[in-house]
Ligand SMILES: Nc1ncnc2c1ncn2[C@@H]1O[C@H](COP(=O)(O)OP(=O)(O)OP(=O)(O)O)[C@@H](O)[C@H]1O
């Protein structure tokens, strides 16, 4: 990536030029009284953006979409999506703009996207705005995910607009999140293009996705199927990593599943304390569709929607009819289970400090027995996910008590530990795979509440902790404790 900086950023518009049918040229709403709340200086520098300029008046207006550099072409992107299983034919950036693309030194493109920048033609009934607290939540969680080594969109900055935003729970400060992503191509983008019934457009979209994210697919005789397989494998790896850190996305609609394999949209997400597979935090997920333990299965369902969208191209590439394409796509989709199992075993091997050479067959029963203990089993509550796995490093070093004290079925635990320790786990490697700091819900809420009231100190402290997730350091012990009982059940909300 580039390290040279220049004041006025140069933004490209490859996507808008290649797919004019999927964008609308648009401008951001004028801010009332803008104020920079947080700036991610290392990210800015890595993109060749000048942090000093970004902090200045013109830079802040740039981060709100109010100052558009020469040559930039801000657009709202259109997409469709299955939301909780029901199809919405036209969603799109209702409150967001793609400002343009930054080219890194190695030639890769990074989208610069503004969320909360005002109503667009895709706003439907919404006001086009975003609230400061939820945008700061996205800042904290995306930077924590990045530090954990999980592919994610990044947060460049959060800027207050000075505009009050009316929500169910009152009038709240408005803000814009400046987000950086490998792209904003979603499964829903393909669903939208497919519904237009224009194979040439669908082909151009697939070519964009291949060029930007999965270039090896271009070498295949069947590029559309190769693209699907690359997305399938990237999503399998992503969800396995979420499961490893106890992350619940909360709204895995097809418009929130990226083609790049990055996590996107930290609206109603949460990190688990208690490792309950049925854990749901979102106020609207009544059926538990997006529960922690359901994320692999629902990702398979979302990938089926991508495969359906690609059918005309799969048929064309293979010279077969639709039935033939369905057969090819179904066979490829059915390999998601294997792909996910392999990705999960990689995560588990790392979390348990076991060698890469240990076979999946040897690992699988060990993993299943462990996860049964973690879930708590008959009559016992699930254990604290983050704390338990971190305590296993101490167990690998011979101090079994901290992990043992967390589980109810100590006999089963002792048996499990004996089997595991016979495999000679590497405790130092475990410390690099099991975080000590994740953005626990009570800490996030505390930081957002204080920030909304004007005190940014708790947010800074939380950011410091979660951006060094594997180091105990001199971070206060409360950043590694689960929520106190007084915090109660936690509920998150979409679209704030
Ligand atoms: N206040 C709002 N005004 C207009 N549109 C909105 C508003 N809130 C959400 N939307 C739109 O509703 C849809 C679903 O919202 P969701 O909260 O999943 O997306 P988002 O958080 O705005 O964006 P992203 O998925 O890019 O992170 C999107 O099309 C989004 O643009």
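Quick reminder: no glycine exception, Cβ is built from N, Cα and C everywhere.
Automated prediction, rather than curation, is the source of TrEMBL annotations.
Its Cβ taken as reference, residue 92 (ATP binding site) is surrounded by 24 other Cβ atoms within 10 Å in the chains shown. Taken from TrEMBL, the feature ATP binding site covers 92, 94, 95, 115, 127, 128, 179, 186, 265.
Every protein chain considered, the tally of other Cβ atoms within 10 Å of the Cβ of residue 255 (active site, proton acceptor) stands at 24. Residues annotated as active site, proton acceptor in TrEMBL: 255.
According to TrEMBL, the feature Mg(2+) binding site maps to 256, 265. Counting only residues at least six positions away in the same chain, the Cβ atoms of 81, 186, 249, 264, 265 sit under 8 Å from the Cβ of residue 256 (Mg(2+) binding site).
Neighbour count (other Cβ atoms within 10 Å of the Cβ, all protein chains): 23 for residue 265 (ATP binding site). Annotation note: residue 92 (ATP binding site) sits in a coil segment as assigned by DSSP.
Mapped onto three states, the DSSP output places residue 255 (active site, proton acceptor) in helix. Other Cβ atoms within 10 Å of the Cβ of residue 95 (ATP binding site) number 22 in total over all chains. In sequence order, 95, 119, 165, 166 constitute the residues six or more apart from residue 127 (ATP binding site) in its chain with CB-CB distances below 8 Å. Residue 92 (ATP binding site) sits 9 Å from residue 255 (active site, proton acceptor), taking the CA atoms of both as reference points.
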